[in-house]
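Trainee: Copied straight from TrEMBL:
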ACT_SITE  Glu547  active site, proton acceptor
BINDING   Thr118, Gly157  FAD binding site
COMPBIAS  478-491  compositional bias 'Low complexity'
DOMAIN    1-112  domain 'Acyl-coenzyme A oxidase N-terminal'
DOMAIN    293-407  domain 'Acyl-CoA oxidase C-alpha1'
DOMAIN    511-562  domain 'Acyl-CoA oxidase C-alpha1'
DOMAIN    603-779  domain 'Acyl-CoA oxidase C-terminal'
REGION    469-505  region 'Disordered'
Amino acid sequence: MKIVWAGSPHAFDVSDRISKLVASDPGFRKDNRSTLSRKELFKNTLRKAAYAWKTIVELRLSEEEAAKLRFYVDEPAFTDLHWGMFIPAIKGQGTEEQQQKWLPLAYKMQIIGCYAQTELGHGSNVQGLETTATFDPQTDEFIIHSPTLTSSKWWPGGLGKVATHAIAYARLIVGGREHGVNGFIVQLRSLEDHSPLLGITVGDIGMKFGNGAYNTMDNGVLRFDHVRIPRNQMLMRCAQYTCLCMPSDALYLDKVLDVYSIAFASIAVMLWVSQVTCEGKYKQSDVPRQLVYGTMVYVRQTIVADASCALSRAVCIATRYSAVRRQFGSQNGGPETQVIDYKTQQSRLFPLLASAYAFRFIGEWLKWLYADVTRRLQANDFSTLPEAHACTAGLKSLTTTTTARILTSKNTKTRAIVEKLRAPSKFSTSPWMFELHLVPVDSPFLVEYPVDPTRHGCGIRTGFIGIHRKKKRPGQRSSSSSEQIVSPLSSRWSPLEEESLPAEDKSLEERLDGIEECRKLCGGHGYLCSSGLPELFAVYVPACTYEGDNTVLLLQVARFLMKTISQLGSSKKPVGTIAYMTRVKHLMQCRCGVQRAEDWLKPSALLEAFEARAARMSVACAQNLSNFDNPEEGFAELSADLVEAAVAHCQLIVVSKFIEKLQQEIHGKGVKQQLEVLCNIYALFLLHKHQGDFLSTGCITPKHAALANDELRSLYSQVRPNAIALVDAFNYTDHYLGSILGCYDGNVYPKLYEAAWKDPLNESVVPDGYHQYIRPLLKQEICTARL
Ligand SMILES: Cc1cc2nc3c(=O)[nH]c(=O)nc-3n(C[C@H](O)[C@H](O)[C@H](O)COP(=O)(O)OP(=O)(O)OC[C@H]3O[C@@H](n4cnc5c(N)ncnc54)[C@H](O)[C@@H]3O)c2cc1C
């Protein structure tokens, strides 16, 4: 399993060797991180980064080994941005000459780079960036300027205190005309004494969430005051960006093809290719713009891989500790029960274990996708790009959200009621009139808000159910009651049968929190920094924001889904992960064939249920959208539903790729069998958690849902005996895990006890401050004390 997890025997060998090298070197110690002051912490990070580089050079490590070493050093640092953003940006966007000039310097770390795109007032909306780069033909230079406070660059990692250079994004102005946003290589600090160059104001933006954690990084603020740079420092291979998510964009994005997203660039941007000549002429370059799209797939793939690492770390800690921890259940003075044997613990822990594996394999598949996209681009085949973009955007969002925290589906019963209400109305020609009321789902008092259906549409809104109330028209007579709840008018879905209404459940409150859930699984001790979980959480959560805000990314996926549906009748056939839409007719009607709990173990049953749910949710959104005259207004109004449809689509991708993985040859006795158990847990857990979606779209009945839950329980029992082995397969050293609760030997209590005494507060038995503040209290001298 270790080899399956690593990806290959070679990958396992490199990873194993380098992780042990880092773990055995006291120079990479990290156990005191959360107790250091910011300044000490940061200085220590600088030392480690320098030490890591020295080790890489002295041991002549290969690029692969060096990357692994940085990974196992496990400390966010300016080097992440230098290697992960600055260099790739020059490679991807620089001309041949620019690459020849800058890359050798960067590879040797003679210059240190960062990626400065986000501004104080502008993140997701790249088109809104305010920094300007005005061409001066007299001197053949660009003048980079921050005209407003909100145009200050804000957030770039490595910028605050370390970077000597930045790829800075600014609006290109040539001959008084604007040409959109471009990247420029700008020197920030002197290479002699590190002081900021003339016109540059630069510093750190301050403490971030958590102790230690991401505070090792110098996220920075930067202002330019008419800073001049030579013309050849504009990245000229491909240059102009506008944001995809502008409200002005067409709903049915025929522009999706043009989407290009850069790491930390926060959001997909549309790209043109341009150059500025020394005469001050702006011209298009002949480099095919799509060539750079591969970068996007590459970056997203690394983020998904990171998600599986972070989640597997947390799961490893929680699983090992759950086997150590005992509570209740002692019989005749015997040992208490290991908490891992409680079904509630299993039902929270094992789905996360399964998710860690699922994300590992989806990350692996994304590596393949990157190779495939690159190969196709080289052959001028751009046909799979929109799908690749949507898929990577969605998977980035799904995996990082799950690893950090995810809100699950809406209340099952509410959804079912709403869907029932959506049944075609018997009353649509009427002596009756209709009013739409919104009822807050959670309110103990069913407060209703009448809304105007023509303006607000109908159906589900977050936290509300929409109810159409039928009212007798003034002056009409009828034998039935004068007020009756009926369906909204728009939906074409068939009604649910009465018996298919599910029982009330609490899914609205239930969450799958990834790292945070693992902390809770470790009880009180999980809250100690020495559990490793608080810091892991604090370091990880911004992944939901950088590289594209997760919600904004899902909205892009939703646009792609709507576009796909709108083209279903045309010659453009859905490909890759969206190919299931070619069977939309079948998926809208199919009925789940599961009769016994074990039937859910059939991959075909699982796949069909997930495909039907994803297709039906998307089609329902498309139908609702078609009720709006202005599609963009409709998209904004229905965006919460659209995001849910996108999540359903992304979950289908992960389930289907896990199933595909199991169809490959997998060596090792029993390994495949264990992976099958995990795959089924992953899929059935999602089905259970999102049963509101599955039921309300009529993909399954409550009986099917109950059978899935029965099977899930049985799968938890199957995984239990191997749970520890399955987390040992991650092959994490104690150093990398950085957790007393997760240590390999399970010797938790003595280590916790020992660690407590190492806390700086315990350096003296009587605390600093006793004489000033505690003694006066105890001696009743507080009124005369000098406070
Ligand atoms: C730890 C960390 C490191 C970073 N490193 C870098 C770096 O090295 N270089 C760099 O340039 N930047 C960096 N960033 C910035 C990062 O890329 C942005 O914060 C990110 O792109 C999100 O943009 P924002 O902050 O403007 O969020 P906003 O876009 O302001 O988001 C705020 C809220 O609005 C919602 N929202 C926004 N647009 C829409 C929409 N169209 N529809 C619906 N909802 C919407 C979002 O979902 C979110 O809930 C970093 C950020 C962090 C946290």
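Glycine residues also receive a Cβ, built from the backbone N, Cα and C atoms like all the rest.
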Trainee: Ranking 1-112, 293-407, 603-779 by Cβ pairs under 8 Å to the domain 'Acyl-CoA oxidase C-alpha1' (511-562), which is first?
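Mentor: Answer is 293-407, with the largest number of Cβ pairs below 8 Å.
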Trainee: Just to confirm my parser: what is the rounded mean pLDDT across the domain 'Acyl-CoA oxidase C-alpha1' (293-407)?
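Mentor: For the domain 'Acyl-CoA oxidase C-alpha1' (293-407), the model's average pLDDT rounds to 90.
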Trainee: Sorry to bug you, but what's the C-alpha spacing from Glu547 (active site, proton acceptor) to Thr118 (FAD binding site), rounded to the closest Å?
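Mentor: The separation of the Cα atoms works out to 11 Å.
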Trainee: In angstrom units, rounded to an integer, how far apart are the Cα atoms of Gly157 (FAD binding site) and Glu547 (active site, proton acceptor)?
Mentor: 13
Trainee: Within 10 angstroms of the C-beta of Thr118 (FAD binding site), what count of other C-beta atoms is obtained when all protein chains are considered?
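Mentor: If we count other Cβ atoms within 10 Å of Thr118 (FAD binding site), we arrive at 21.
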